[in-house]
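Let me begin by presenting the structure, written as structure tokens, before commenting on it.
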Amino acid sequence: MRNRLKDTPVIGRKRVLLAAPRGYCAGVDRAVIAVEKALEHYGSPVYVRKQIVHNVHVVSTLEQQGAIFVDEVDEVPEGSHIVFSAHGVAPSVVAGAEARALQTIDATCPLVTKVHREAVRFAKQEQHIILIGHAGHEEVEGTMGHALDRTTLVQNPDEVDLLEIDDPDNLVWLSQTTLSVDETMETVRRLRERFPNIQNPPSDDICYATQNRQVAIKKVAKDADLVIVVGSANSSNSVRLVEVALEYGAKAAYRVDYSSEIQQEWLDGVETVGVTSGASVPEVLVDEVLAELSDAGYLDVGEVKTAEEDLMFSLPKELRKDSSGNEDARALGGRTR
Ligand code: SF4
């Protein structure tokens with residue numbers, strides 16, 4: 001539905017600042033292609049545990065193609081194909097799938113798997129892990145499941161004061177991949193204040209895509225009267241982009257799944273609109289937002305680019321060949337869009 005928004009006058013020049021990088025990261029691209037290829041290889045239905053990525057449009061598109069999304073493996077008929085989502089799973093989920101003889105395709109993002117490996121290693125070394133992340137998020141459940149007895153969750157800086165730790169000299173912190181970089185660093189600062197000997201992870205757990213999208217929106221936000229973030233409500237990195245935009249100077253910031261959610265009153269007196277999208281958002285949804293904004297007189301679109309991204313991940317091994325046995329053109333995980 002177009003032409004909903006009116007082109008109302010403002011004092012200055014109407015323009016859009018489009019943040020880059022935005023949208024699909026390598027882990028999401030790989031996970032979505034994994035479901036598409038699984039449908040091509042095995043036919044419908046292919047089951048997917050949880051949302052493959054946190055985006056309503058992506059999930060409904062895959063549903064139309066024959067994917068069935070379930071919450072747990074015990075909902076899946078024995079022997080069926082199941083894809084694990086980009087957010088990863090706990091070992092107990094893998095065991096549950098094996099018990100039902102499910103044919104598993106693991107689309108866990110390799111950067112989440114890296115955190116799982118760190119958790120396993122630190123647990124083996126009998127260290128205690130402080131995991132910075134949000135309770136109930138699938139990635140947090142998966143990571144905690146790799147070192148259940150040795151992990152304590154901290155959701156924000158204030159929760160550090162509530163921690164009760166038996167062996168404060170034997171601690172290491174890890175984090176969810178999609179957090180606010182600034183807030184996480186504040187949580188770490190507070191951890192270090194209370195536990196001076198806490199060890200850092202070997203490398204950043206907040207992933208390159210989360211970090212890059214936050215850097216770009218910071219630059220856009222300082223000049224924006226309004227920031228629109230395209231992304232779903234359960235997408236951690238999308239919700240963080242709204243918070244970061246507000247923190248870094250945007251006068252207002254809203255998250256939308258679809259362009260039809262943009263409200264006319266958001267645009268009252270607005271000269272500069274910043275636009276970005278979370279790591280699970282296909283570019284077509286951003287194009288629709290730009291089209292609606294152009295109806296409202298925001299025709300001048302300039303990109304604010306703070307990084308180049310060219311990372312790609314190999315597809316899960318079961319899916320690297322097409323049905324004739326040839327290497328699939330998408331086997332490196334890249335997508336032309
Ligand atoms: S947001 Fe980061 S961790 Fe999550 S799928 Fe994308 S690259 Fe992987």
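A Cβ is built for glycine as well, from the same backbone N, Cα and C atoms used for every other residue.
It should be emphasised that the depicted structure is a prediction, and the values quoted were computed from it without experimental measurement.
Record features (TrEMBL):
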BINDING   Cys25, Cys109, Cys207  [4Fe-4S] cluster binding site
BINDING   His54, His87, His137, Thr177, Ser235, Ser236, Asn237, Ser280  (2E)-4-hydroxy-3-methylbut-2-enyl diphosphate binding site
BINDING   His54, His87, His137, Ser235, Ser236, Asn237, Ser280  isopentenyl diphosphate binding site
BINDING   His54, His87, His137, Ser235, Ser236, Asn237, Ser280  dimethylallyl diphosphate binding site
ACT_SITE  Glu139  active site, proton donor
REGION    316-337  region 'Disordered'
COMPBIAS  317-330  compositional bias 'Basic and acidic residues'
Task: Under 6 Å from ligand 1 by C-beta, which of these binding-site residues make it: His137, Thr177, Ser235, Ser280? Sequence order, please.
output: Thr177
Query: Whose Cβ lies within 8 Å of the mean position of the Cβ atoms of His54, His87, His137, Thr177, Ser235, Ser236, Asn237, Ser280, the (2E)-4-hydroxy-3-methylbut-2-enyl diphosphate site, other than those residues?
result: Val53, Glu139, Thr178, Asn234, Ser238, Gly278, Ala279
Message: Name the residue among the binding-site residues His54, His87, His137 whose Cβ has the smallest number of other Cβ atoms within 10 Å.
response: His137
- prompt: If you measure Thr177 ((2E)-4-hydroxy-3-methylbut-2-enyl diphosphate binding site) to Glu139 (active site, proton donor) at Cα, how many Å is it?
  reply: 8
Message: Spatially, and counting Cα to Cα, which of the binding-site residues is closest to Glu139 (active site, proton donor)? Options: His87, Cys109, Cys207, Ser236.
response: His87
- prompt: Which chain-mates of Asn237 ((2E)-4-hydroxy-3-methylbut-2-enyl diphosphate binding site) that are at least 6 residues away have a CB under 8 A from its CB, listed by sequence?
  reply: Thr178, Ala209, Thr210, Arg213, Gly231, Gly278, Ala279, Ser280
- prompt: What kind of secondary structure is the residue listed as 'active site, proton donor' part of, going by DSSP in three states?
  reply: helix
- prompt: Any idea what DSSP makes of Cys109 ([4Fe-4S] cluster binding site), helix, strand or coil?
  reply: coil
- request: Rounded to whole angstrom, what's the largest C-alpha distance between any two of His54, His87, His137, Ser235, Ser236, Asn237, Ser280, listed as binding isopentenyl diphosphate?
  value: 15
